[in-house]
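Visitor: In case it helps, TrEMBL gives these features for our protein:
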- 20-39: transmembrane segment (TRANSMEM)
- 46-273: domain 'TLC' (DOMAIN)
- 51-72: transmembrane segment (TRANSMEM)
- 113-134: transmembrane segment (TRANSMEM)
- 155-177: transmembrane segment (TRANSMEM)
- 213-239: transmembrane segment (TRANSMEM)
- 251-276: transmembrane segment (TRANSMEM)
């Protein structure tokens, strides 16, 4: 399948290093000072690095959600009428449309969103690898999953740009993937604060407010909408690509369609446990059946607590 690249593909590639530098500067000159000086988190802890990463992640998740929303709106495929009908429902393969089907300003928007997000993924990969030299890999239980996720995202975005097809589908995935991101980052910072400061603290209050919203929204997006997306993308990239389109008219190779569907399936299945755990925690907070608040004990307090529990057992 011959691919004739346009300036948008090269613009996407050229802008990635600039965005990588941008996010690295945000991490060093904004994220780290906020968590260590303003929030008073100890600088030699992994959770502090994770919280610093969450500060920077706000500058990725929120803009990407908004830019992806604008791109989807401009495509006209998700404009619902009074009967809740949109062109998307009757023409799902539009998610796989070739770049030539879009106006010039929309092509530029696609290129901007992808280069911005790709620069962020590469920045985050860089700092995760740097942290792995200073902290044990066990400090981040999802280390391997994060690495695979970021590499998968970079490969997916590059393949979309290379074959100049599947832009609308990618924007839909990016919007749904990042729409819960602000809540997740808030909870990540709050969890670090709960570990560093004794309860009750402002971080406990934040959890009580944000966790129910995040738990329910994340579970709905990843489990419910994610399940629907698996069906939709399987139909577009596998069934439609084989039985409805001639080989010479395919925008992407069939093998790439398999890779894309597998990536979406891995995203949904891989986040299922995390979604369920957060949903359970949200239900606990809503119903009032809370677990015991997390309290950080000093060495002396731990020993006193152990002695006290042993005395209680002996009695």
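Positions of Cβ are set from backbone N, Cα and C atoms, glycine also.
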Visitor: I'd like to know the mean pLDDT over the domain 'TLC' (46-273).
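Guide: Mean pLDDT across the domain 'TLC' (46-273) comes out at 83.
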Visitor: May I ask for the residues of the chain that lie six or more residues beyond the transmembrane segment (251-276) and have a Cβ under 8 Å from a Cβ within it?
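Guide: Result: 1, 96-98, 142, 145, 148-149, 152, 156, 159, 163-166, 173, 177, 218-219, 222-223, 226-227, 229-230, 233-234, 236-238, 241-242.
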